[in-house]
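Submitted below is the structure of interest, expressed as structure tokens.
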Amino acid sequence: MQIDSDEHLEEQPMMHGNGGHGRVHPAASSSDFSGEMNQSVSAPSSDPSSSPLYSFHFEKPVPPPPHPPPKAAQPGEYVVQVPKDKVFRVPPPENARLFEHYTRRAKRRRRCSCARVCACLLTALLALAVLLAAAAGVAYLVLRPKRPAYTVQALAVSGLGSVGNAASSAAPAFSPGFTATVRADNPNGKIGVHYDGGESNRVSVSYDGVLLADGAWPAFYQGPRNVTVFVAKAKGSGIRFSERVRGQMAAAERLRSVPFDVDVEVPVRLQIGRVKTWAVPARARCAVAVDRLAADAKVVSASCHVKVRFLSWRN
């Protein structure tokens, strides 16, 4: 048996006199044995020297480093021991920079998305406006809409017969009434006109800026190239004139030309074939002069001007 310098024990076969063979297993004799031991196991063979050797290595576990002793608390201090599972790790400062970077990028993307949506909506609105303008232009060229014409054929006056004879010291209250016969002419060949009723429908009569009476415009439908004659009535009460207005009205009656202003405000709807538009306010002002303040008064002069919002009419 031989022991090398690396403390490996090498087993050599030994022959006994009786022809048998065996193995010698050395034991560790010192306390600083390295834990490595070579042990050979022989299989039954005719030649003992041909037995293979098997090596088993055993290592001692490395003990963990000892924990430092806890720091003694100074006077006025408290030592708090927190369990390991309750200790929260402080993230590194790189995480904060990454968070700010991703936040700025998300804001930029959100800003870009909002700008893109606004641009798309604006483009769609512009395209829609262009299409509507083109459609309106084509319709105007095809239909050639013309403004309806109104003529006051007769204006009967009541309640103002004694205005010229009223005493200047005690001016009485008057209740004037007017009955106007109006002719409406629709010159359009493909457009019908609907005159709607309601509270927004109003007819008023005034003299020199003083409102005398008001009433309603009748609701009816006027077809293309149609002439309609109708009657509109207006009534007032408790009207008091100044001495100057009474004098002017009496002088105008003597001259056989008493001027009145007839104002009309009525919503109209246009009908093209079976398509009917939305209500559009139409206004008309007619300057009418009668020869006297009576029920059988005759119209001396009359002229009307029509104005319709949102529509371009041709004379």
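Cβ atoms are placed via backbone N, Cα and C, with glycine included.
In TrEMBL, annotation is done automatically, which means it is predicted and not curated.
Small disclaimer: the values here were computed from a predicted structure and weren't measured.
When I checked TrEMBL for this same protein, it listed these features:
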| type | residues | note |
| --- | --- | --- |
| REGION | 1-75 | region 'Disordered' |
| COMPBIAS | 28-39 | compositional bias 'Polar residues' |
| COMPBIAS | 40-55 | compositional bias 'Low complexity' |
| COMPBIAS | 61-72 | compositional bias 'Pro residues' |
| TRANSMEM | 114-143 | transmembrane segment |
| DOMAIN | 181-286 | domain 'Late embryogenesis abundant protein LEA-2 subgroup' |
Using DSSP, what is the helix/strand/coil residue split across the domain 'Late embryogenesis abundant protein LEA-2 subgroup' (181-286)?
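When I sort the residues of the domain 'Late embryogenesis abundant protein LEA-2 subgroup' (181-286) into the three classes, I find 12 helix, 61 strand, 33 coil.
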Under 8 Å between C-beta atoms and at least six residues away from its ends: which parts of the chain pack against the transmembrane segment (114-143)?
188, 190-191, 272, 312
